[in-house]
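Asks: Please find one structure pasted underneath; my questions will follow.
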């Protein structure tokens with residue numbers, strides 16, 4: 001941090017007592033079970049396919065590859081931390097003596113709601129992930145019943161399945177992937193069938209005892225460098241923020257129908273607790289107002305609109321993100337620093353020249369990590385906004401004050 005930023009940062013600290021601090025929920029889940037794609041994959045695809053995911057992935061928080069498609073922690077990592085739960089071990093990773101006592105992660109990068117096909121990045125579709133969970137639960141209960149206390153340290157007790165939290169963040173690959181072979185109208189027409197499959201999966205989880213369900217909607221897909229590079233070469237197809245309009249239109253319709261389905265499911269199963277979380281609005285707000293949000297205003301649940309109202313908008317602009325769409329790790333330079341032929345950390349010969357997709361100097365200035373996934377700094381911001389409860393339906397009940405802590 002340079003001298004100017006340091007001075008302005010301490011001005012914020014001096015006046016911190018004047019800020020309005022949001023309240024946070026007192027989470028009391030003994031366990032968590034997660035389903036999804038790369039947004040929350042903590043190593044399942046890497047273990048399942050036997051592939052490598054090297055540095056600079058994981059360079060910030062783990063100092064080594066964490067098997068996450070990110071420079072550090074994901075949204076789910078921050079949420080687990082707030083719930084006083086450990087980071088979730090991936091279901092398919094058997095090395096390192098994984099502990100599943102407080103939950104398990106079934107999410108795998110590239111996964112879809114619809115069944116996988118021969119061209120899918122991941123074979124672990126939503127339905128298959130649920131089947132893995134059912135086997136996990138059955139096998140864990142069997143081991144605990146047969147071996148007594150031998151596995152108590154590593155496997156969930158039976159009541160953790162009914163009391164635990166079931167988190168789901170999947171669907172972006174169904175929508176974004178469809179644009180490679182379908183028109184916008186065809187993509188929009190396919191959404192009901194996608195959600196029918198999703199609803200069937202929810203019912204399977206309910207039948208297995210899942211009662212506390214979080215459903216994250218999909219983010220602004222048109223703002224990912226991968227989609228801009230492929231579908232945004234015609235500037236007339238971009239919105240005011242430089243995002244592909246068609247992709248965001250599809251994401252909005254998907255989310256609208258997903259929200260309606262979530263409400264219907266809640267009505268059908270009144271003993272369930274279904275929470276719909278509007279990730280699209282959080283990420284869209286971040287991209288549209290990137291200079292107002294940054295690495296020093298993520299963990300604290302500060303009402304950032306209040307900061308601006310009391311005259312600190314200039315300080316926010318200095319401390320905020322600097323690159324809303326450009327990838328930190330990639331090749332090609334501005335405006336996107338993305339080339340679909342090479343992924344973050346790889347070295348390849350492109351157009352007769354050997355190039356390496358390297359990370360930027362300071363990933364905390366970027367929202368996008370590799371053209372597809374978000375940086376740790378952006379993920380921390382997203383998780384902090386989730387925890388305000390303002391983006392959930394129903395909103396989190398305010399049960400306890402959130403004690404302000406600042407990370408340097």
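From the backbone N, Cα and C atoms, a Cβ is placed for every residue, glycine too.
Per Swiss-Prot, active site, nucleophile is recorded for 38, and the stated evidence type is similarity to another entry. According to Swiss-Prot, the feature active site maps to 370, 373, an assignment based on similarity to another entry. Feature annotation from Swiss-Prot assigns N-linked glycosylation site to 273, 289, 361. Per Swiss-Prot, the feature signal peptide maps to 1-24; the stated evidence is sequence analysis.
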Asks: Within 10 Å of the Cβ of residue 361 (N-linked glycosylation site), how many other Cβ atoms can be counted across all chains shown?
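Replies: Other Cβ atoms within 10 Å of residue 361 (N-linked glycosylation site): 7.
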Asks: Around the C-beta of residue 38 (active site, nucleophile), how many further C-beta atoms are within 10 angstroms, looking at every protein chain?
Replies: 25
Asks: Looking only at Cβ atoms, how many others are within 10 Å of the one on residue 370 (active site)?
Replies: 27
Asks: What does DSSP call residue 373 (active site) in the simple three-state scheme?
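Replies: The three-state answer is coil.
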Asks: Would you mind reading off the Cα separation of residue 289 (N-linked glycosylation site) from residue 370 (active site), to the nearest angstrom?
Replies: 20
Asks: Under 8 Å Cβ to Cβ from residue 373 (active site), same chain, six or more residues apart: give me those in sequence order, or none if nothing qualifies.
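Replies: Those within reach of residue 373 (active site), by Cβ under 8 Å and sequence separation of 6 or more, are 38, 39, 69, 70.
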Asks: Output, ordered by sequence, the same-chain residues six or more apart from residue 273 (N-linked glycosylation site) with a CB under 8 Å from its CB, or 'none'.
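Replies: Counting only residues 6 or more apart in sequence, the Cβ neighbours of residue 273 (N-linked glycosylation site) under 8 Å are 211, 212, 213.
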